[in-house]
Ligand SMILES: NC(=O)c1ccc[n+]([C@@H]2O[C@H](COP(=O)([O-])OP(=O)(O)OC[C@H]3O[C@@H](n4cnc5c(N)ncnc54)[C@H](OP(=O)(O)O)[C@@H]3O)[C@@H](O)[C@H]2O)c1
Ligand SMILES: NC(=O)c1ccc[n+]([C@@H]2O[C@H](COP(=O)([O-])OP(=O)(O)OC[C@H]3O[C@@H](n4cnc5c(N)ncnc54)[C@H](OP(=O)(O)O)[C@@H]3O)[C@@H](O)[C@H]2O)c1
């Protein structure tokens, strides 16, 4: 602690440069400017905001003195003498360059940039380790929900078996609307955009890229290994139909976009993002609207669940500010925390070898022997059936003389199930496509 | 990080003394002995278990070498040369003496002892600060659920408005049985004891002492102030009747023992433990069996919820081991984390000035004017009524000619409501006791 009689010549002021002043950055700047004293008491020193880099320095920013603004983030990092750099611009470049340059100059870094860390984390963590500075990123996964620190510290003495989370609020909002208000995907997306839950270009969210970045970060932390976004199997929600939602409902399930990381039997990391059915009683099924939730199962700790707002200016800024105080405390005591250990160096399993349960749904000609044939085809591919349900198709949109087969498998290999689907679609008794959905949380 | 070329003369081995080898301690010892390499990789150094103090050193402990056992914890702390002491004996003494002695000898301390911290935290944190050693206690609140670190670090840049938690598994188990299986308190307690969810002497749990210790620790952390167990208003669940449970049910609520810490309008800390009604849709109502859950509302982060196993050997050991690794990492880098800041120094509000909602239930003579009289009495005490329900008493156990009045108030001062209750019981139209239950989570 810094006080008058401290013998060490501890700095009384730390210089902080803020890169980006948008949804999150503006809120961080406001907190730093209006809660100076409180943050000083919590950190043990003054946190002096020395500059705020934006794209358009001419636009006035309420509550932020003009003289702090600059449109030259490179110069702010190079010449600002910052002890701590907070990166809230987003995207890969310029953030990658700026973060590495800050580290090279001996600054500690706080960022919320999951895309950057999921792509270039290895390079950035190594640079931080080399220069002996901190890199903190609590806000990069699930906004205000503390999950990075719990994995990095609280659970570090345990073995993480599974992480399963709803880590993208936009897609959860859309799926929730499709479920509770029976909207189709396009309508639900439009609603989300109108209400500010989805961006004008929603690709990163609905195609699962955002969730995949977070899955990579979670898997890296949980398994002390390098996992990049390209290692993550990814399916978005654009293919989820109202019929899928209804079919899930009739089985007592809802559909959620899940980010999953788990250890498989061979000691490899399974890491994937895709829509999946979840039983209505499962805690993850209860996550409504744009909220996030992460379920962690560990060998000793058992089943833990973390819930809360996964995005938004204020919640995300809360996580960034918590990191800022932690980094400042470390800085004062002249230390850094290990950025990220990769001592386990586990490989990532190919998606084809993932084992989970599957829900298959397809239309068949309604005649004796078809169910037996389909079951035989699955068995021949090492896929065993847990339950099967045959019912008449909806009168309005199906040819007569057909039935719908709905099956839930036991644990099966992805490659085997994909082979079944391809074979089924080639038989004479299956009409059209075989729909499938992975079933999780059982 | 420690490696061959490290210039600093970092220790390669840290000596760890374990005090207590019961439910939690035995599991910690096993983890340390069977996962040496993994813990070494995570900590950056070997963690050498140098001794295990127990009450009865003659009793064999499977998996723990006899030569590590001692029945003299004082000598182990004084002469063991431990860098880290893990205290898992429980209770106030000898743990207080042992922890202070460990700190005086420059050892960092990990403990799960909420009773000790809620009573002597101030003294212990001050000693740790003075000696420059760590004191970590993630396991002291809600077992394996990471809540201490999130409050100490992740949310430190935010302002905590309310913490509301189910932090005692025994009482939650009992209340859950009373609700779902309509057992009375005595039967539910006996079931809990038979199944190992309650101890032979259940006082600490059912009278709310355990929850009150945790409430004190949470309030201290959230409000950077000194809050002791004696500052916590405490009511246990021994007075909760099957009728209370039914009455709550008829209003769409369940009864939970809650630990609550919040900032009141005057900037004081409200800190209390008591049974309360919670709406069935509230996340805290969904916490079943012996699980724990903590709900945190912060100014920026919004509403967060943490759920999981709040006790048990393995979950608690998981939290202790996480602390052990963190403390070891700090030790290697020659630093400690600020034990506990009390810079806000906020006062605790007296219970009489707490403001919450109340559910009142009492029997009245069934005649015109009684409702008006009761409402007038409340109004005269500044208590306004949100909703009221009058119904006939259950045929089997009430005199005829009476009715039951059930009222929910708006926010009201505790002292005013207690005055109403006393006055109501003195009127001629109220029969017997006025039952009340505070209503939370609205
Ligand atoms: N928004 C959320 O809810 C949320 C949640 C979790 C994590 N995050 C992450 O937080 C980061 C920031 O997100 P955001 O929503 O705050 O973004 P945003 O609203 O788009 O703000 C971006 C900011 O960066 C500035 N900027 C853009 N290009 C720049 C450049 N070349 N040089 C200097 N400044 C530049 C912009 O300047 P102008 O103001 O002049 O345009 C703006 O102030 C991203 O990594 C995002 O993934 C966001
Ligand atoms: N159990 C849980 O689920 C849980 C959860 C959260 C926190 N905690 C906390 O963790 C701590 C330990 O709990 P526990 O359940 O593991 O307790 P426990 O099972 O009763 O074990 C206590 C241990 O301390 C030893 N001991 C007792 N008095 C001693 C003395 N004077 N000198 C040396 N050793 C002594 C006992 O020795 P013997 O083995 O010879 O009897 C035993 O090994 C407590 O502070 C508790 O509040 C427990």
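Cβ coordinates come from backbone N, Cα and C, glycine included.
Listed in TrEMBL for this protein:
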ACT_SITE  A:214  active site, proton donor
BINDING   A:19, A:20, A:21, A:22, A:23, A:24, A:25, A:26  NADP(+) binding site
BINDING   A:114  NADPH binding site
BINDING   A:199  L-homoserine binding site
DOMAIN    A:359-438  domain 'ACT'
For the NADP(+) site given as A:19, A:20, A:21, A:22, A:23, A:24, A:25, A:26, which other residues of the same chain have their Cβ within 8 Å of the site's Cβ centre?
A:18, A:27, A:28, A:29, A:54, A:88, A:89
Which secondary structure state does DSSP assign to residue A:25 (NADP(+) binding site), in the simple three-class scheme?
helix
Recorded positions near ligand 1 among A:24, A:26, A:199, A:214 (Cβ under 6 Å):
A:24
Could you state the CA-to-CA distance between the residue listed as 'L-homoserine binding site' and residue A:23 (NADP(+) binding site) to the nearest Å?
13
Nearest-integer angstrom distance between the alpha carbons (Cα) of residue A:23 (NADP(+) binding site) and the residue listed as 'active site, proton donor':
19
Nearest by CA distance to residue A:214 (active site, proton donor): which of the binding-site residues is it, out of A:20, A:22, A:26, A:114?
A:114
Three states by DSSP: which one describes residue A:19 (NADP(+) binding site)?
strand
Quick one: Cα separation, residue A:21 (NADP(+) binding site) versus residue A:114 (NADPH binding site), in Å?
17
Return the single residue from the binding-site residues list (A:19, A:21, A:26) that has the minimum number of other CB atoms within 10 Å.
A:26
What does the structure give for the C-alpha distance between residue A:114 (NADPH binding site) and residue A:24 (NADP(+) binding site)? Integer Å is fine.
14
